[in-house]
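Q: Annotations per TrEMBL:
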- D147: active site, charge relay system (ACT_SITE)
- H189: active site, charge relay system (ACT_SITE)
- S359: active site, charge relay system (ACT_SITE)
- 138-391: domain 'Peptidase S8/S53' (DOMAIN)
- 1-30: signal peptide (SIGNAL)
- 420-442: transmembrane segment (TRANSMEM)
Amino acid sequence: MPAHRLPVIRKILAATFLAALFSQSPASVAAAAPVEPPGMRQRLSSGAPQEMLILLDEGAIAKSHVIGALRAEGGEVVTDYSHLPMLFARIRSTKALDRLLTAPGIQAVYENRVLRPHLAESLPLIGQPPLAAIGKTGSGTTVAIIDSGINYTLPAFGSCTAPGVPADCKVAASVDIATNDNALDDLGHGTNVAGIVAGVAPGAKLAVLDVFNPDGTSSDALVIAGINWAISNRATYNIVAINMSLGDGSRNTAACSNRGTNPYVTPINNAKSAGIVTVISAGNEGYTDGISRPACTPAAVSVGAVYDANVGGIKWTACTDATSGADKVPCMSNTATFLNMLAPGAFITAAGSTMGGTSQAAPHVAGSVAVLKAQYPNETPDQLISRLISSGKPVTDQRTGGVFPRLDLFSSMGLPDSNFVPAMSPWGIGLSAVFLGGALAVRRRS
C-alpha cells in the first residue's frame with residue numbers, strides 16, 4: 001500500500017470511531033432520569049410527608065450514597081431491603097425529592113401505593129385428587145403466602161401451637177411485616193388462601209407473611225418486604241413459590257414491564273432468578289381488557305378465576321352473573337389478552353371459611369407449583385410455568401371470546417397412566433369435592 005494513503009485511512013477510521021461513539025443512544029451513555037411520581041410534589045408542598053420506593057444501581061456503594069443523600073435532606077430510610085437493590089424511604093420536602101431525582105445511582109422512584117386483598121370446589125376440576133392418592137403432594141417444598149396472616153391453630157394446618165410445633169404443623173413460618181400486633185389473621189383472608197394451598201399441596205409447608213394492617217390495607221413497600229423475605233429465606237425453607245392474592249385495583253391493559261414505573265419488576269425478576277415462581281391474582285374489578293398491579297408484572301403468573309360448579313346466580317360487588325357453571329369465567333374476574341391462566345375461584349371453602357374471587361384462584365396455581373417442583377426438582381421457574389400454561393384446559397371467556405388455559409395440575413405433571421390404578425381412587429366421573437379444613441368432602445355433581 002502506498003505510504004501516502006496511510007494518513008487518509010487513519011483519518012477515516014478515526015472519524016468512523018468517533019461517529020460510532022457519539023451516535024450511541026442516550027440510554028447507553030447515561031441512565032435515563034427517574035420519573036417523578038405524579039402528585040408527589042404537590043403533596044410535599046402542602047406539608048404532607050411522602051413515602052417512596054427507590055430502585056438503585058446494583059452494589060452497596062450506590063445504596064450508601066443514596067442513604068446519605070436522603071439523610072442530608074431530612075429524609076429517612078424506613079426499610080433497606082437486604083436482597084433487593086431497593087429502599088423504602090420517607091421524605092418531607094420538595095428539595096429532598098429533587099435530590100433523589102438527580103442523585104447518581106438511582107434508577108427509579110415510585111409512590112408507595114395502597115393495596116388491598118382480592119376478596120373471594122375445586123380440586124377434582126384441576127385433577128389433584130388422583131395425584132395426592134399416589135403421594136404427589138409437594139412434600140419437601142414451601143410456599144410463601146404474602147397476605148393477611150394465618151390462624152395456624154386450625155386443624156387444616158395441623159393445630160399448631162407455634163410455627164413448626166408440633167412436628168406435623170404445616171406452617172413453617174409466620175411473620176408480621178405490617179403492624180406487629182401478634183394477631184394471627186385480622187382479616188381471615190390469608191387463612192383461607194393458605195388453606196387452598198394446603199389443599200392442593202398437602203405435603204408442602206407454608207411460610208405466611210402478614211403484610212396487611214388491621215384496617216385491611218397494605219402497601220407496595222410492605223409487599224416488597226415480603227418478597228425480599230422470601231428470597232432471603234429461600235434456602236432455609238426451600239421456598240419454590242410466592243402467592244400474592246392482592247392488588248391496587250388499577251386497570252393495566254398491557255404488561256407492566258417498565259421498571260421505571262412499576263416497582264415490582266425488579267423484586268419479582270430477582271425472585272425468579274432465585275428459583276421462586278411468583279403467582280398473583282388478576283383482580284376482581286370485572287375488567288375484560290386489563291388486570292391489576294402487581295399481577296401485570298411480566299415475570300409473575302397472573303391468574304383469573306372460573307366457577308368450579310353450578311352455584312346459581314351470583315351477585316358480586318362489581319357485577320352480577322345470572323348463571324354459573326364449571327369453567328365459566330365469573331363476571332368479576334379481570335382478564336386481558338396477556339393474562340397467563342385461569343383457576344377455580346368461586347366458591348372455595350378452605351380452613352373453615354368460604355370465599356370467592358381471583359384471590360382463591362391464585363393459590364390453586366401456587367400450590368400446583370409446589371407439587372410440580374417436588375416432582376421435577378431440577379426444573380427452572382420458566383419450565384414449571386410452561387408446564388402449567390401449556391397443559392391447561394382451553395376455556396373461553398364468554399364476555400369477550402378470549403381463550404385462556406385453565407389450570408390442570410394432573411395434565412401438567414405428565415405422568416404415564418401406569419402410575420394410576422383406578423381401583424385405588426374414588427375420584428370417578430361425576431364426583432366433585434370441597435376442601436374443608438384439611439379434609440376433602442366428596443359429593444356427586446348434579
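Backbone N, Cα and C atoms are what each Cβ position is placed from, and that goes for glycine too.
Worth saying up front: this structure is predicted, and the values here are computed from it rather than measured.
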Q: Suppose you look only at the domain 'Peptidase S8/S53' (138-391); what would the mean pLDDT be?
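A: Averaged over the domain 'Peptidase S8/S53' (138-391), the predicted model reaches a pLDDT of 96.
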Q: Measure the Cβ-based neighbour count of H189 (active site, charge relay system), defined as the other Cβ atoms within 10 Å of its Cβ.
A: 27
Q: I'd like the Cβ neighbour count for D147 (active site, charge relay system), meaning other Cβ atoms within 10 Å of its Cβ, all protein chains included.
A: 29
Q: Using DSSP with the three-state reduction, classify D147 (active site, charge relay system) as helix, strand or coil.
A: strand
